[in-house]
There are 2 protein chains.
Amino acid sequence: MLELQSLSIDQYGFIGNVFSFGLAVMASTTLFLWLMMSSAAPTYRMAITISGLVTAIAAYHYLQIMLSWDGAASVASGEVVVSGEGFNRAYRYVDWLLTVPLLLVELILVMKLSKAETLSRSIRLGGAAALMIVLGYPGEVAGNVGTRAIFWILSMIPFIYIVRELVIGLKESISKQPDNVKGLISKAAILVVASWAFYPIVYLLPLLGVTGGSAIVVVETGYTIADIMAKAVFGLLIFVIAIRKSEAEADVNAVEAAPAEQASPVKKGS
Amino acid sequence: MLELQSLSIDQYGFIGNVFSFGLAVMASTTLFLWLMMSSAAPTYRMAITISGLVTAIAAYHYLQIMLSWDGAASVASGEVVVSGEGFNRAYRYVDWLLTVPLLLVELILVMKLSKAETLSRSIRLGGAAALMIVLGYPGEVAGNVGTRAIFWILSMIPFIYIVRELVIGLKESISKQPDNVKGLISKAAILVVASWAFYPIVYLLPLLGVTGGSAIVVVETGYTIADIMAKAVFGLLIFVIAIRKSEAEADVNAVEAAPAEQASPVKKGS
């Protein structure tokens, strides 16, 4: 239902630039996270490693999306000419299938819960996230509005479960977090919920009568902004939480190690 | 016998997405293993390095497979048009020739057996694995069902030898492993056997009368899932075993170093 031939030259070029922007943001976030990883205490490095993996996987898929976009059409004698190869919408879904469970795991890991709670929450949230993506795909590629609506409803079930878990289920665990990060962890959970709210809205647009070239512009730009919020901005927030917790724990250790001396921070990594 | 012209556009696109998914999983597992390597004790880093090598080699071959798939056909006027280049089935076998012996070595290394046992088991299992792959290839590319059946039987001989070694031969060595990883090492050996069971079944499908486009979908998707289990999931399991053994040994060292003090964990990096 989203046909490339309805795009103007400007729209076709604009979306290509949006994809390139997405690739640049994801790749540079990955590099930042991994280069700075050693400033966090070892306990938090897995959370940062996975934050960087999420943006790395997204960078790879934005590259694929960009190449598929370039191959799907070309500009000739003032018009967008469709090549027949088709624009591969599946890359976004393959990306989400891998990254959405992982970014929930990031949030759980940075909270440093007990091993049992970490495992059970990762499996429940990660599994629900994977199910949500799998149920969304058939509607995305369907040619008719009815199928799109049915799969929208189906994938909203795990979506609502995850939101409920993040807003209510994690409340007690968040209340046990150190004071200097409690607010940030709540913000990270809210950022997930808020950025995820984009996706079902963008997905619904073709049902709301938004069609033609501008529908493609809104859908692709909307998904890209939501991806940047949910992966890059979220990953940086996880990084800040990891650094703050590392600093607080270094202070506590310093006090315990040298109770008679002044409780100065041993190393307050940047 | 598996001819690309029998594929529908959707099937052709789906298999391309499966290859891209395989590439993303293998590459991100490699990065995770190598970035997290320093959390394991130095004794176990060779096992983790090799786990990452296996997935890195697989990532490279999935890239080659994906490019070969893109070059072998194209979509034009609503049909899959075969280019004549041919889809290179050899990449999977070149990959397996390198990775299958290495992933058996991973398992042996993480057990930290004596030097003599490590060497002899690596040579026997690695050699049998290489032989298994070499004997499978002529049947895979053969045009007729008879040749495929003969080489299936031949390559099952080293296959059964390896399974026997993993299930019976390693039993005594596994029983000497620390309690906190004994179950995981058994699981790793079972994962190898279970994921490997896929390959001869997938290989046999064309003999069982499964032909046409859906045969190609089943074969390529089946091999990819088996590869992900045998390399990425297996590599992560080896990583968890290495971390648990490192933690257990750090605790023991802490107790030995300071017998009078409280036996607190020196560093329990996640």
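Every residue gets a Cβ built from N, Cα and C, even glycine.
So that you can see what the record holds, here are the features copied from TrEMBL:
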TRANSMEM  B:12-34  transmembrane segment
TRANSMEM  B:46-63  transmembrane segment
TRANSMEM  B:93-111  transmembrane segment
TRANSMEM  B:123-139  transmembrane segment
TRANSMEM  B:145-163  transmembrane segment
TRANSMEM  B:184-205  transmembrane segment
TRANSMEM  B:225-243  transmembrane segment
(message) Need a quick answer: max count of Cβ pairs under 8 Å to the transmembrane segment (B:12-34), which of B:46-63, B:123-139, B:145-163, B:184-205 is it?
(response) B:46-63
(message) How about long-range neighbours of the transmembrane segment (B:184-205): same chain, 6 or more residues beyond its ends, C-beta under 8 Å?
(response) 103-104, 107, 110-111, 136, 139-140, 148, 152, 155-156, 159, 162-163, 166-167, 170, 174, 177, 215, 218-219, 222-223, 225-226, 229-230, 233-234, 237-238, 240-241, 244
(request) Counting only CB pairs under 8 A, let me know which of B:46-63, B:93-111, B:123-139, B:145-163 has the most with the transmembrane segment (B:225-243). (result) B:46-63
(message) Cβ under 8 Å, sequence separation of at least 6 from the ends of the transmembrane segment (B:145-163): give me the contacting residues as numbers and ranges.
(response) 1, 104, 125, 128-129, 131-133, 135-139, 193, 196, 200, 203-204, 206-207
(message) What residues elsewhere in the chain lie close to the transmembrane segment (B:46-63), defined as a C-beta under 8 angstroms and at least 6 residues from its ends?
(response) 19-20, 22-23, 26-27, 29-30, 33-34, 36-37, 40, 91-92, 94-95, 98-99, 102-103, 105-106, 109-110, 227, 231-232, 234-236, 238-239, 242
